[in-house]
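What TrEMBL annotates here:
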- 30-148: domain 'Rhodanese' (DOMAIN)
- 179-291: domain 'Rhodanese' (DOMAIN)
- 197-220: region 'Disordered' (REGION)
Amino acid sequence: MTSEISPLITAAALDVALGAESLWSGAGRRRSAWRVLDVRWKLGGPPGREEYERGHIPGAVYVDLDTELAGHGEPTDGRHPLPTAAAFEEAARRWGLGDGDAVVVYDDASGTSAARAWWLLRHAGVRDVRVLDGGIAAWRDAGMPLEKGPGATPIPGSITVRFGALPTLDGDAAAALAADARGVLLDARAGERFRGEVEPVDPRPGHIPGAVSAPTTDNLGTDGRMLPADALAQRFEGLGIGADTPVGVYCGSGVTAAHEALAMVTAGLPMPALYAGSYSAWSNDPERPVVTGA
């Protein structure tokens with residue numbers, strides 16, 4: 001079990017933290033800043049920026065997943081390859097982030113896109129990053145206020161980004177892990193995509209040989225919030241994962257795989273290695289085998 005800072009924060013705790021920051025700032029005392037990032041995004045829309053302008057947590061800065069949390073490359077790099085460290089640093093400074101800031105990220109999709117921002121910030125060396133459990137719905141349900149409109153442009157930050165804080169996999173390493181009896185490669189996509197029954201976006205249906213199906217929806221309760229840590233630990237134990245098991249995670253394009261990593265850390269397990277190219281990269285390479293079925 002790990003002793004990391006909790007990767008989740010409740011709406012009530014975030015409200016207290018933001019209120020405390022206001023009080024401390026008013027007293028003229030120095031404390032780590034809290035920055036709130038809105039990472040609403042859905043495959044096929046509606047555009048997250050429009051949702052943000054309809055209502056967001058006061059002071060939150062909108063983050064565009066497609067252009068700020070992903071790079072661009074060839075199809076064999078995947079649909080959402082990691083951005084370069086320089087590009088991510090430039091984006092994070094636009095959001096107003098500085099070294100030592102505490103960051104809260106949220107979305108309206110049960111944490112799946114927010115988890116991508118959480119993972120990238122952790123990968124960049126930011127230690128205190130939390131995902132708002134239940135997203136903006138939890139904030140709204142708690143009776144908290146929302147702001148409308150484009151939001152104020154933040155004062156540029158001075159964060160220094162150094163990628164490499166978290167483990168990653170390329171295609172060869174993912175294949176080796178899936179073939180290793182000591183390790184587990186989790187596929188975070190929906191079960192029907194894993195089995196190859198449907199494939200809405202990638203060129204070949206199926207999954208990486210040896211991978212284990214672990215849909216991210218199974219990390220969540222009916223309210224869209226993360227299951228309790230003990231329930232998550234039981235879930236991963238049922239998938240063959242213990243504290244010393246080498247684990248990799250992938251999905252379609254490296255977004256929901258970050259949610260699988262978030263769930264593992266919430267369960268007290270070590271951070272798994274992320275295959276950022278994921279199935280979109282794998283299935284675009286004709287030399288990579290795919291299998292269908294359970």
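Including glycine, each Cβ sits where the backbone N, Cα and C put it.
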Do any residues, 6 or more residues outside the region 'Disordered' (197-220), come within under 8 Å Cβ-to-Cβ of it, and if so which ones? 43, 79, 110, 112, 174-175, 178-179, 184-191, 226-227, 232, 235, 239-240, 250-252, 256, 259-260, 262-263, 279-280, 282-284, 288-292, 294
What is the average pLDDT across the domain 'Rhodanese' (30-148)? 92
Summarise the domain 'Rhodanese' (30-148) by DSSP state, stating how many residues are helix, strand and coil. 43 helix, 18 strand, 58 coil
Grouping DSSP H, G, I as helix and E, B as strand, the residues of the domain 'Rhodanese' (179-291) number 36 helix, 17 strand, 60 coil
